[in-house]
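Notes follow once the structure below has been shown.
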Amino acid sequence: MATVLNPRTTEYEFLGPIGALLISVSTPVAIYALYFGCSEVAGGCPSQISFESVLQALSSLEWWKGLWDTEATLIYLAWYAFCVISWAVLPGDVVEGTPLRTGKRLKYKLNAFSTLLLTVGLTTGWIMANGPESFTFIYHKWVGLVTAFLLLAFVEATYCYIGSFQQGKLLALGGNTGNVIYDWFIGRELNPSIGVFDIKTFNELRPGLILWLLIDMSMVCEQATRRGGFANVTDSMWLVLLFQGAYIVDSLYNEAALFTTMDVITDGFGFMLAFAIGFVPFTYSLQARYLVFHPVDLGYLGVIGVVLVNFVGYYIFRTANAEKNDFRNGQNPKNLKFMTTARGSKLLTSGWWGRSRHPNYLGDLLMGLAWCLTTGFETPITYYYIVFFTILLIHRQRRDDEACYKKYGADWVKYTKLVPYRIIPYVY
Ligand code: NDP
């Protein structure tokens, strides 16, 4: 019975154990490299990236000093504990997730958005009472905070991996290869939990995404402190806070959408997801961190251009996601065309989902581009996000396409003929 419910995984993703090991080592290194290659301690950001510039940056810095910072570790643990306590005490509707292979449905408490409101309220109150200089520690304790999150991610992934061997656990279909490194990385148990505390869905939004907003707020405070008050903060910095803040608010406000994503339905919780909690805030906030030591004034035209790109991206992202969410919830307010599959599920074939198979990714990419544009054109490093995100979404689209093919078979082939473009209509 156990093997029927938890079959052995026979196919690898990410190039198997070697790929999993390489990603687990190289991505943490990349986070540090983004800091040591583009920060005040590195003397700014290079105008071009070359092997020599990377070597020079690494050899001229005693970068290993300060990797560990006890105060930063305690701050990070306190932040994580605050998120757990908020989850436990703040009220929220309880909703059911999609049915599991066991036929059971897990229950989730929706209070990520109230956790965000509480956090932002408390932080804003603190800054107003104590001035911008009172909330700049994230900028100054950057490296120590990164180390703290990496260690916690390692501990969480290892705890969940070991716990997955207890009897009665439901494993992820893709995480039961028997290879320790691969299963630890990809996530062996589908929904690890401590009592009613679901480790995966908790980590997906709260400690990482809310921290991203706090980081941006801290960067605004650091720039305000250096430039003599909030009135002198640059337009580019405000735009980063506004755009990324809106993106974060949107994700947390739509918390319920999380329970139908690939991460929650298909993937287990391993180092890949545990790591993403900190990878997102500490690298997606690069533009804000850069603007602290390299302020950019966009001027009216620059602001209009960047706002326009972001707005078009947001419009596509939101309307595409809304069309699919409405449809999956049994509504079709725009009367969009659809096809019915042999499994019984329906697939939209008009509206945004008739233009490409992942129109929401297109919107997401345009927004990412707008964030990078706020930093001007003096260094390619601040464009890391759009490059990384494009690779991530192309890979994710391919994974999802494969999963949909397994789910829908010939119906999926029919759908891909009706909607041939993967992400960008008429281009890709
Ligand atoms: P999507 O929201 O794109 O959903 C994919 C699923 O939608 C498919 O598996 C399928 O599931 C369903 N689907 C596919 N085609 C159709 C159709 N024509 N009609 C109806 N349903 C369809 O998945 P993601 O989890 O990848 O993305 C969610 C959001 O998160 C996106 O907006 C994305 O941009 C964003 N994101 C952001 C990241 C970041 O780091 N900032 C990282 C990854 C994602 P089924 O048929 O079973 O319902």
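Every residue, even glycine, has its Cβ placed from backbone N, Cα and C.
Please treat TrEMBL annotations as automatic predictions, because they have not gone through curation.
These come from TrEMBL:
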TRANSMEM  12-35  transmembrane segment
TRANSMEM  73-90  transmembrane segment
TRANSMEM  110-129  transmembrane segment
TRANSMEM  141-162  transmembrane segment
TRANSMEM  229-249  transmembrane segment
TRANSMEM  269-286  transmembrane segment
TRANSMEM  298-317  transmembrane segment
TRANSMEM  368-394  transmembrane segment
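The transmembrane segment (269-286) makes contact with the transmembrane segment (368-394): 3 or more of their CB pairs lie within 8 A, with pairs spaced 6 or more apart in sequence.
Against the transmembrane segment (229-249), the recorded stretches 12-35, 110-129, 141-162, 298-317, 368-394 differ in Cβ pairs under 8 Å, and the greatest number is found for 298-317. Ranked by the number of CB pairs under 8 Å to the transmembrane segment (141-162), the listed stretches 12-35, 73-90, 298-317, 368-394 are led by 73-90. For the transmembrane segment (73-90), the neighbouring stretch richest in Cβ pairs under 8 Å, chosen from 110-129, 298-317, 368-394, is 110-129.
Same-chain residues lying 6+ beyond the ends of the transmembrane segment (298-317) with a Cβ under 8 Å from its Cβ atoms: 234-236, 239, 243, 246, 352, 359-360, 362-371, 373-374, 376.
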